[in-house]
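Taken straight from Swiss-Prot:
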DOMAIN    23-105  domain 'Lipoyl-binding'
MOD_RES   Lys64  N6-lipoyllysine
Amino acid sequence: MSNLPNELKYSEEHEWVKVEGDKVRIGITDFAQSELGDIVFVELPEVGDEVEADEPFGSVESVKTVSELYAPVSGKVVEVNEELDDNPEYVNESPYEKAWMIVVEPSDASQVEELMSADEYKEMISEE
């Protein structure tokens, strides 16, 4: 079973969200990285870009496929993990720590509340 930290929120598109004050840190779940296989490239937005909930904000490329990343919340990108440019394997090795992808200042904080808990996400992936 995938590693699912309880303090995080989860989206149907397999992104995780960590609330940090008035900002949220976003990455992909352990389940997602294991489904994708070895990650070889990560494409992310620029600081200052706006992201829309349920719309693509970047992509991850694995040896098997290219998969779009979907924003779990709308808002402005205030930080991007540039470490992933040179170390895309962090997504496989440490999806919740080293491989966070972007930090967003949400335009609507209630979107975070609509995301799934770890238990709800676990139930969803067990049905896939």
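Numbering starts at 1 and runs along the chain as it is shown here.
Glycine too: its Cβ is placed from the backbone N, Cα and C atoms.
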The residue listed as 'N6-lipoyllysine': secondary structure state under DSSP, collapsed to three categories: coil
Confidence summary (mean pLDDT) of the domain 'Lipoyl-binding' (23-105): 98
